[in-house]
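A quick write-up on the structure given underneath.
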């Protein structure tokens, strides 16, 4: 019987080979953002050139192009290594129930904080509706029935061509079950899919080298278009989002962790290396393989980790959920649009659906935001251009919250299944773990 397969991520740094600070991606991105602010402030005419704007838009598109193959490979791999089909269904139901409850807490928290601290008031922005038209086209309004039917693709090729995550996810689940049913005959194809995932993560590593260019273009264009005065409100939104995400991790995830029997801060320390990878890439998927390996070493069931973590990257994005409701309120405040209690309930209900299509890759949360705004009030959609400039700042914390949330989810579902090794959990969280001990590898037994 084969052991669980895990996929190397090329972003994992080797110990003992410290880069010069100017070669660190996060430093480069911060430098690019500062330069973008200066260019937008000192030369607004140049900064609003369509080619400058295209730098930011192009980077987001580069990231989005690899979302579908990543989701397919990780979900198929997770399911294909489980031998009991009934267990897949049982674990899946428990995971989805957990995802829905915790995601709802994140969405509600964003609404509460956004109402208590209306940092968008006074911005009085009047953005161009065409600035974000391409995002709106990908997130058109649909009814609940349309949403369910939309999950079923007209063709598998079409699902991948359009990059529709929920359609790809459905096919991946079915394909994983079919591969699992093949038994030994399916092992060769399963290994091919694992190898394909290696290549996709390699593409991400290449694309992320362009992150500073994308950040420069997005920031320069926004400051050039709206002026440096917009920074005050935007910084307020960033600070509020940081604080809300931290509150969620400590209050909600911390409570869940305590219920299971571990300390959330020790858990964060345990996955600190994965968090640093995420911080440098602003993509929670860049650390997915390492996270899965560490969760198994922590005492979680291999089969639970293989199913819960990849699925959580579409269904359990806590940071993205907080961002969606908080950003929606900020945009409404900035545009001077009053949202009634009924409107905000609608935001919550719509976001509970649209958030399930978000992926843990940079830019996906922004597209999902378009779907929420278009469904609640189309007049809010042009305001997305306001927050796009600072999306890089918020993307970092979104990704950090997402990966922490998915890690806690795997531990909780393993505990719920009665397959959590509490002795290993306590032992690993009570000591520092060398990153070299958790190098991921493809293993077969």
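Backbone N, Cα and C define each Cβ position, glycine as well.
Source: prediction; values computed, not measured.
As stated in Swiss-Prot, the feature transmembrane segment covers range 322-342 out of the listed 322-342, 343-363, 406-426. Within the set 3-23, 129-149, 234-254, the record from Swiss-Prot flags 234-254 under the feature transmembrane segment. In this chain, the transmembrane segment (322-342) lies in contact with the transmembrane segment (234-254); the count of Cβ pairs under 8 Å, excluding pairs fewer than 6 apart in sequence, is at least 3.
Pairs of Cβ atoms less than 8 Å apart link the transmembrane segment (105-125) most often to 322-342, out of 24-44, 163-183, 201-221, 322-342.
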